[in-house]
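*Asks:* Residues annotated as repeat 'Solcar' in TrEMBL: 70-153, 177-261, 271-358. The annotation transmembrane segment is assigned in TrEMBL to 232-255, 276-294.
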Amino acid sequence: MSPKIPSHSHFHFQEQHKKVKKQGVFGDMYSMMLLPLPLPKDVSIIMEPEKHSAFQLPNLAHAFREFLGTREVAEFVSGALAGAMTKAVLAPLETIRTRMVVGVGSKNIAGSFVQVIEEQGWQGLWAGNAINMLRIIPTQAIELGTFECVKRAMTSWKQEHSPKLQLGSINLNLSLSWISPVAVAGAAAGIASTLCCHPLEVLKDRLTVSPEAYPNLSIAVRNIYKDGGIGAFYAGISPTLIGMLPYSTCYYFMYDTIKRSYCQTKNKKSLNRPEMLVIGALAGFTASTISFPLEVARKRLMVGALQGKCPPNMAAALSEVIREEGLKGLYRGWAASCLKVMPSSGITWMFYEAWKDILVVQKCQSV
C-alpha cells in the first residue's frame, strides 16, 4: 500500500498550528476561535433567526381607553355631570337667594325674578354661574365617586375580615356588623371633596364678596397667593371639615337607608326618577337639620375672622351663639338653608342615578 500523501490543506493547517502554538495560551484560544473543528456526524447546528432587541413602547392609547371604561371613572363622570346639571337648573334660585341675602332689590322672590329679568334679561338669572360650575363639577365628581368606591371597598372588607381577640384560653370573634360602609363612605366622600376643592370655595367667596378687589379669576388667584401663599387657599379648612363631616356622613347614610327601606316596603329593585328626587330631598333635609348648628358655628368663625374677633374654636363659637341668642340661635337661617339644600339634593341624586344607568349599568349588561 502506498503511503498517504498529506493534502495541501492539511499541510497548511499543520503550519498554521505550529505558528499559533508559539504564541502561548492566548494564541491557542485565538486559533480555536479562528479554525473550524470537525463535528461528529450526529451533531448538527441549527441557526435560529435573529431576534429584534428593539425596545417597544406600551400601547398608551389602549391603556387609556381601558382606564376610561372602568366603573370608577364612569361614577366620577356621572357625579360631575349631575353636579353641572343641578347647578344649571338651580342657578336662578341661587341668584335670587344671593340678592335677597345681600339686600339688593326686591324683598320677595317673585319681585326679584321680575327685577332681574327687566334689568339684565334672562341671562341675568345665570349671572356668576361659571364660577359655580368650576367649583361644583369637581366637587360632585370627587364626592360621589369617592362614596361609591369606599362603600364597595368597605363592604368587601367587612365580608372578608373578622378580627379575633385571644385572652389566654378564650377566643373572641369581634363582629363588625356595627360598622356601616355607607356611613364610612359618606364621611370619606365629604373629607375628600373638601380637601380637594376648598381652594375653589375660597375663590368663589372672594369673587362674590369683594368683586372690586378680585375682578376676575386670574387676579384672584394671583392676589391670594401673594398675600398668604398656598395656605391662603385653605383658609377656614378646619371648621369646614368639622361641619362637613357630620353632614356628609348623615346625608349619604340617610339616602341609602331611606332608599333601601322604601324598596323593601314596595317590593321594588330600583326607584323611578320622581322617587329619587323625593328621597334625595328628604336625605338633604335630615342631614341639614342635624348638622345645622355646626354650620352656624362655622359661619360665626369665618365672619369673626373677617371682623377681627374670631372665637378660638368651634365649641367657643357654639357657646357664643347660645349665650347671645339662646338655643334658637343655633338654627337661625335653617329654613332658608333647607329651601336651598332640598331641591339641590333631590335633583343631584336624580341626575346622578340617571347617568349611572347610562354609563355603568348598561355597559355592565352589554358585557
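Cβ coordinates are placed from backbone N, Cα and C, and glycine is handled just like the others.
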*Asks:* For the transmembrane segment (276-294), could you work out the same-chain residues 6 or more beyond its ends whose Cβ comes under 8 Å from its Cβ atoms?
*Replies:* 242-243, 246-248, 250-252, 254-255, 258-259, 262, 314, 318, 321, 330-331, 334, 337-338, 341-350, 353
*Asks:* Helix, strand, coil residue numbers for the repeat 'Solcar' (177-261) per DSSP?
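*Replies:* Within the repeat 'Solcar' (177-261) the tally stands at 72 helix, 0 strand, 13 coil.
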*Asks:* Counting by DSSP, what is the helix, strand and coil composition of the repeat 'Solcar' (271-358)?
*Replies:* 77 helix, 0 strand, 11 coil
*Asks:* Counting by DSSP secondary structure, give me helix, strand and coil numbers for the repeat 'Solcar' (70-153).
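*Replies:* The composition, in the requested order, is 74 helix, 0 strand, 10 coil.
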*Asks:* Compute the average pLDDT of the predicted model within the repeat 'Solcar' (70-153).
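*Replies:* The predicted confidence over the repeat 'Solcar' (70-153), as a mean pLDDT, is 82.
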